[in-house]
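The structure appears right after this line, and notes come after that.
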Amino acid sequence: MFQLELVNVVMHQRKAIEDTMRKKKKQQLHKFEMLPSPYDTAWVAMVPLPGSSSQLPCFPQCVEWILQNQQSNGSWDLNQLDSITKDALLSTLACVLALRRGLLFIGRNFSIAMDEQLAAPIGFNITFPGMLSSVIEMGLEVPIGQTDVERVLHLQETELKREYEENYRGRNTYMAYVSEGLGNAQDWNEVMNFQRKNGSLFNSLSITAAVLVHNYDAKAHRYLNLLLNKFGTAVYTKNIHRQLSMLDALENMGISRHFDGEIKSILDMTYSCWLQRDEEVMLDITTCAMAFRILRMNGYDVSSDDLCHIAEVSDFHSSHQGYLSDTRTLLELYKASEVSVADNEFILDRIGSWSGRLLKEQLSSGALQRTSSIFEEVEHALDCPFYATLDRLVHKRNIEHFAAMSYISYAQNNIPDELERIDSWVKENRLHELKFARQKSAYFYLSAAGTVFDPEMSDARIWWAINGVLTTVVDDFFDVGGSREELENLISLVEMWDEHHKEELYSEQVEIVFFAIFNSVNQLGAKVSAVQGRDVTKHLIEIWLDLLRSMMTEVEWRISNYVPTPEEYMENAAMTFALGPIVLPALYLVGPKIPESVVRDSEYNELFRLMSTCGRLLNDVQTYEREDGEGKVNSVSLLVIQSGGSVSIEEARREIMKPIERCRRELLGLVLRRGSAVPGPCKELFWKMCKVCYFFYSRGDGFSSPTAKSAAVDAVIRDPLDLAAVVASQEPIYIIPAS
């Protein structure tokens, strides 16, 4: 496990402290600074000098490091957490073996070894008793009662008996993986079958060193030599896995944008290893799955075919992680399976199927303790796919639940001001006077603040929310609030635009709705035209006209009882889902210049089509009953009609989920593809809105419900991060991602 120090962020000193935090983190990430592994260092220290009859150390610098780094509590636990872990016991016992001294810490904390409620490194019940036996054989005085010693040694006996009795395909792999604890009972020639091209065993320093303790091997010796030349007096484990874990932690807490250059270095290095099929990446299932997911989500071209060696559940069970049904590995595999970008990525589908099934079995069987963090991680992953939640909810959950760090995006400080501007806009435009209109400013601001959260994106958030509120009013006007004459009058007024005074206003309702559109488009047009360096107001008007005309088509279908073909319906309905006025203007406010050629590019239109289709179909699946009662058709009812009644409503809903899945995958693929016409930050906005649609419609009609998403509103908008204890302490906070 490694630590990454983050300084506290105090609200009233936010700018100075943010700068300090950023500098420190950049230094650490740039140098890939991680704490040494006392456990691995101890095993390397035990490697004898080849040909030495007096058991002189081959790597005396590691012995010196152990001598210099015993902590004040007697351990070699560099993490310095409030509570002692099994990992600390294991590391300390290994250092005891290397130095033949320092057993007081083990004696004081021996009960931890027997506590089944505590998390333990893989193979702890074999390696810890095995090393304790070695300590006793050396004649060192162990400050532990004989009964307790026997209880711990019995752990290994029971574990070995169970392992041999069950005899799964991964048994040999697992037994090789816990070689440090087996000593002379191990078949070291059998272990050498797992040696990799670089000379290591499982890319593990401790296992490789354990081999050299019992048998000399030139390749293994060369591997350790190379690492000692690189690191100096101590060694570190699984470099790529740790760096990816660090990167993942930064992204999950929403602060990765501060370290773009450093993160790119890690990603480029990992991608190079991926292309070379480096064993450190490809042969460790956890690292392989994590690397695939992170590389793909950062736009690197990685094929799911490269996961063919772990496509089947039998491949998993043949590994040491699979032999133990390791939850962390299963979770990484499941998360990797979710980043599919095409309908034909069957390997990801298979991985997702069996890893999800095994995770559900672990939850239901009680194999995971309900109070453990991994239980909640698994439950959350199965319950809430990454494409169905808002980024800010993920960030807050990781920061608060795992007590990882004290950090708060300063976008949150802008929330009261931004909400006030939106509420003022609603009142200034008299939208609150329209009795037929749903008031959804909180939900639209939630969708904006939950996805477009960087401080400099304030205008994008505000106009995303304003246009969302306005499209809802217009949608309700066309659905229930306006007569045909009023709707035709509204469209005519928008078509005339600056010459609208030549057209008579049919009603006060038309007046309110039209001038809300007119004033907002002109105000936004002036702002984005200044940002873009060209007049884009005409484009904003076109966006609204496309929406209004499509909505009118639906009205005419309803009035005439016309049943459109599925193709006619989808072409029109994707537009009437009304994401155009929300997303497309916001593209102008997220940074890049967008020339007219990009707006007319086929990729731009395809991004919009996929996003809108996905949102519309998700909405259709959840709102069928309400819309049917209003005399409106949607994709669900059309499928039933087209089948002549042979398809039930539930069957139709399940069938509609297939094109939803396909559109989502294609959209993600298009967003992640490099070298395209539409700038990356703009493409990301289409994906963010797709996630918003899933968030509101993956389980019922969360948008129409006044309470379904109230907890999310509270979490993102109303409730600050729970940092009181952290800020009060003013102590450094440590991040410790799972190993």
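All residue numbers here begin at 1 and follow the chain in the order shown.
In case you wondered, yes, glycine gets a Cβ from its N, Cα and C as well.
Long-range neighbours of Asp475 (Mg(2+) 2 binding site) (same chain, six or more residues apart, CB within less than 8 Å of its CB): Met551, Thr576, Ala578. Among the features that Swiss-Prot reports, Mg(2+) 2 binding site is placed at Asp475, Asp479, with the record citing similarity to another entry.
As annotated by Swiss-Prot, Mg(2+) 1 binding site applies to Asp475, Asp479.
Here the motif 'DDXXD motif' (475-479) has long-range neighbours at 434, 436-438, 486-487, 490, 509, 513, 551-552, 554-555, 576, 578, 630, 632, meaning same-chain residues at least 6 beyond its ends whose C-beta is under 8 angstroms from one of its own. Positions annotated as motif 'DDXXD motif' by Swiss-Prot: 475-479.
Feature annotation from Swiss-Prot assigns Mg(2+) 3 binding site to Asn619, Thr623, Glu627. When Cβ atoms from all protein chains are considered, those within 10 Å of Thr623 (Mg(2+) 3 binding site) total 19, not counting its own.
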Check your understanding: Looking only at the motif 'DDXXD motif' (475-479), what is the mean pLDDT?
Key -> 95
**Study point:** Number of Cβ atoms other than its own within 10 Å, given for Glu627 (Mg(2+) 3 binding site)
**Key:** 16
Check your understanding: When DSSP states are grouped into helix, strand and coil, how many residues of the motif 'DDXXD motif' (475-479) land in each?
Key -> 5 helix, 0 strand, 0 coil
Exercise for review: Round to a whole number and give the Cα-to-Cα distance in Å for the pair Asp479 (Mg(2+) 2 binding site) and Asn619 (Mg(2+) 3 binding site).
Suggested key: 15
**Study point:** Three-state secondary structure, which DSSP defines for Glu627 (Mg(2+) 3 binding site)
**Key:** helix
